[in-house]
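Beneath this line is the structure, given in structure tokens, with notes to follow.
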Amino acid sequence: MLGTVLLALLVLILLQTTQICVCLRELRAASSPPAQNATQQRLPGAIIIGVRKGGTRALLEMLNLHPDVEVAKAEVHYFNIEEHYQQGLAWYRAQMPFTLPGQLTVEKTPGYFASPQVPERVWEINPAVRLLLIVRDPAERLVSDYTQVLHNRMTRHKPYQPLEELLISQGHINPSYKALQRSLYHQHLAHWLDVFPREQIHVVDGESLIRDPFPELRRAESFLDLPPRIAPSNFYFNTTKGFYCLLSASGHDKCLDESKGRPHAPLRSQAFRKLCRYFREPNRLFFEMVGRSFSWC
């Protein structure tokens, strides 16, 4: 009987000693400075905020050619989807890539640009964050937006109205059509400029990025305070796809997926011209806000 009691006491002492050692190790680890080359998930220092169907994926992949840049592979939708935002900053950080000290984390979610609540939420987390806005002809963007939705509906065998029925009502442009609202760049940019200074938002020409990527990437490097590491040799024109593909320093090449460059849904030229006329004033206001103009329809 006495032997059993002694054995039980010995086991209890051993368990308590082990637990104390584990706790001490955890405390030492928590108090020790991280190793100089330790990777960790960091909040983004730059965010591609939009626009939808403007070339955000292309811009992200091109920036990822830089050795000092790591990108979140998927759209995070932290600031514009309430379910994600309510999960808090720890959840957002967990969506980021592991980076070394000195590397820049970049995420892109084009839905941020047109969501009025997003600018203030971004500011609260990091008022020094760099913002990249890639834009293209708003009329072409609208048709591309519709084309993507149409493709997704057809894939799920669901019906969808023709573009012209959604865009034009009783002979006039329908201002309530969501794809049209997303193309009113001046309205959405105003929300961002209410919170962030203009110099913290870099505008990328989406058409130029596709036509001749290197100059736009060099300007983006400068805006992000990155040493110039992306070179013309990082791009080659794919004659089959009709646009530039990427070539990393290790020789690995990558082209954007098949959804990029998908043929647009049909829209009669008369309707397209009406759409272009509708965008004239909104475009003029946007040009004034960003201090430059674009050759849009």
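Quick reminder: no glycine exception, Cβ is built from N, Cα and C everywhere.
Under the heading signal peptide, TrEMBL lists 1-23.
As annotated by TrEMBL, domain 'Sulfotransferase' applies to 46-260.
Its own atom aside, the Cβ of K53 (active site, for sulfotransferase activity) has 23 Cβ atoms within 10 angstroms in the protein chains shown. Feature annotation from TrEMBL assigns active site, for sulfotransferase activity to K53.
According to TrEMBL, the feature 3'-phosphoadenylyl sulfate binding site maps to K53, G54, G55, T56, R57, R136, S144, Y244, K260, G261, R262, P263, H264.
What TrEMBL lists as disulfide bond is C245-C255.
For K53 (active site, for sulfotransferase activity) paired with R262 (3'-phosphoadenylyl sulfate binding site), the C-alpha to C-alpha distance reads 11 Å.
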